[in-house]
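Step one of this worksheet: look at the structure below.
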Amino acid sequence: MDIGGNSLPSASDTVKRKVSYFYDPEVGNYYYGQGHPMKPHRMRMTHALLAHYGLLQHMHVLKPNPAREKDLCRFHADDYVSFLRRITPDTVQEYSRQLKRFNVGEDCPVFDGLYSFCQTYAGGSIGGAVKLNHQHCDIAVNWAGGLHHAKKCEASGFCYVNDIVLAILELLKFHERVLYVDIDIHHGDGVEEAFYITDRVMTVSFHKFGDYFPGTGDIKDIGFGKGKYYALNIPLDDGIDDESYQSLFKPIMRKVMDVFRPGAVVLQCGADSLSGDRLGCFNISVKGHAECVRFMRSFNVPLLLLGGGGYTIRNVARCWCYETGVALGIEVDDRVPEHEYIEYFGPDYTLHVAPSNMENKNSREMLDNIRAKLLDNLSRLQHAPSVQFQERPPDTEIPEADEDEDDNKDERKDPDDDVNVDYLRVKMESVEPEAKDQDEMEVDKDVGEADESLNDTECLKDSTLPIKVEAPTSESLHTKVEEDNSKNPTEQPEEMDND
Ligand SMILES: [Zn+2]
């Protein structure tokens with residue numbers, strides 16, 4: 001288990017991190033269909049690069065446990081998950097009404113093994129969150145995850161289940177606050193929507209905005225109710241280059257880390273923001289993209305790295321391989337090693353590719369205005385919101401652990417319930433709805449008339465978020481967790497050989 005690297009709280013940026021890497025050898029076999037730009041094969045190409053660069057031996061390589069139906073239903077509607085489980089290419093005719101209702105068929109086709117594909121990519125992200133919660137690693141990686149468009153009861157943008165929301169829900173069991181950062185070229189709409197009305201999750205999305213899928217992510221969308229100012233949107237235009245991108249990313253993320261003080265960070269590393277992407281229109285290099293990983297890593301907060309979009313698959317593999325190296329603190333060679341997919345990387349066979357000479361439509365003035373506006377919004381959050389702990393009301397269904405919890409660490413509160421909450425001292429937070437101020441009441445009135453995205457039935461209300469552990473000290477950023485002596489082997493992913 002001990003594979004080197006310092007534990008994170010004491011690590012400086014130059015020190016190695018313990019990295020858990022989730023990969024299922026089957027994932028590359030799933031196929032969305034002829035002509036579809038989403039190709040799970042890119043994860044297999046990434047894995048092959050990692051193997052031949054010798055990076056696997058520096059990580060804990062894990063095969064994810066498939067997410068169970070009840071795991072998926074922590075966010076998704078039961079009938080939607082049940083539909084995903086049952087539908088096959090042979091039975092689509094019988095489900096025409098539901099296909100329409102759940103937006104499955106066009107961008108999100110029914111293909112062989114669809115449900116097990118969902119279980120696999122969601123299992124990796126949830127598993128990564130569990131590993132981080134138990135401090136088994138400093139950084140967890142699941143390149144198969146990051147499917148940020150999926151909604152509670154609807155597929156969208158090649159995404160069926162939202163592994164990111166599920167992973168964040170898992171992290172919220174141990175952390176008061178979780179930060180979500182999205183550098184995919186598309187707006188991270190599914191994750192933003194799920195946590196739009198809570199201050200326990202801040203979502204930050206950098207994306208192309210204006211006549212572009214999914215159409216949301218205006219700078220004016222900032223969250224609602226308790227979540228006001230806890231959603232950040234950075235709308236960008238075509239051709240943004242490394243320098244322009246980082247002129248926003250670093251000052252904004254530095255300020256976010258300073259004011260929000262998350263206990264864990266989830267970074268969606270969608271690679272369709274790279275130069276030359278089949279569906280994208282940005283001009284970012286692999287190094288520029290990876291600079292976001294390097295920067296978020298430097299804060300020494302538990303970090304979950306996920307994939308996402310990325311449709312020029314040789315560049316996706318380049319990017320995620322290089323970023324795995326960044327996570328490990330290893331600078332990989334530019335020369336791509338000989339391996340089974342080497343022909344994808346000709347004629348130069350290099351890891352890095354020069355950005356193009358396309359026009360950068362993001363003027364300095366526009367970038368300055370965006371940065372100023374967002375830093376101003378963030379300055380309204382001078383203090384990290386603290387989570388209030390309250391004695392559990394007697395009528396709740398979740399039993400409170402005995403005060404003498406040492407004797408009860410292994411008792412699951414419900415054998416059918418979710419992962420790894422059994423040995424935690426848990427207390428319910430206040431679920432009292434706060435009185436809304438006038439400002440919010442005004443917005444409230446407009447909901448449904450003007451802005452369908454504020455339909456809060458799709459949001460996870462604070463009262464539905466996981467109960468939290470009590471942090472041992474108020475000043476600790478990292479909630480300490482009881483030693484994991486769970487006897488439940490099904491929660492521990494299977495370790496894989498490193499080759
Ligand atoms: Zn995308």
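Cβ coordinates come from backbone N, Cα and C, glycine included.
Fair warning: this is a prediction, and the values are worked out from it, not measured in the lab.
Annotated in TrEMBL:
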type	residues	note
BINDING	Asp107, Gly157, Tyr311	substrate binding site
ACT_SITE	His149	active site, proton acceptor
BINDING	Asp184, His186, Asp272	divalent metal cation binding site
COMPBIAS	397-408	compositional bias 'Acidic residues'
COMPBIAS	424-448	compositional bias 'Basic and acidic residues'
COMPBIAS	477-486	compositional bias 'Basic and acidic residues'
Taking ligand 1 as the reference, state which of the recorded positions Asp107, His149, Gly157, His186, Asp272, Tyr311 have a Cβ closer than 6 Å to one of its atoms. His186, Asp272
Tally every other Cβ atom lying within 10 Å of the Cβ atom of Gly157 (substrate binding site). 21
Rounded to a whole number of Å, the separation of the Cα atoms of Tyr311 (substrate binding site) and Asp272 (divalent metal cation binding site) comes to 6
Around the Cβ of Asp184 (divalent metal cation binding site), other Cβ atoms found within 10 Å total 27
I need the most crowded of these binding-site residues: Asp107, Asp272. Count other C-beta atoms within 10 angstroms of each C-beta and give me the top one. Asp272
Setting Asp107, Gly157, Tyr311 aside, what same-chain residues sit with their Cβ within 8 Å of the center of the Cβ atoms that define the substrate site, listed in sequence order? Pro37, Met38, His149, Phe158, Phe213, Leu279, Gly309
Widest Cα span across the substrate binders Asp107, Gly157, Tyr311, in Å? 14
Ten-angstrom check, please: count other Cβ atoms within 10 Å of the Cβ of His149 (active site, proton acceptor), all chains counted. 27
Once Asp184, His186, Asp272 are set aside, which residues in the chain still have Cβ within 8 Å of the Cβ centroid of the divalent metal cation site? His148, Ile185, His207, Gly270, Ser273, Leu279, Gly280, Gly308, Gly309, Gly310
Using the alpha carbons only, what distance in Å do you get between Asp272 (divalent metal cation binding site) and Gly157 (substrate binding site) once rounded? 13
Checking the binding-site residues Asp107, Gly157, Asp184 against His149 (active site, proton acceptor) with a 10 Å Cα-Cα cut-off, in sequence order, leaves Gly157
Chain-internal residues, separated by at least six, CB under 8 A from His186 (divalent metal cation binding site): His148, His149, Gly157, His207, Lys208, Tyr212, Phe213, Pro214, Gly270, Asp272, Gly309
The rounded CA-CA distance in Å from Asp184 (divalent metal cation binding site) to Asp107 (substrate binding site) is 17
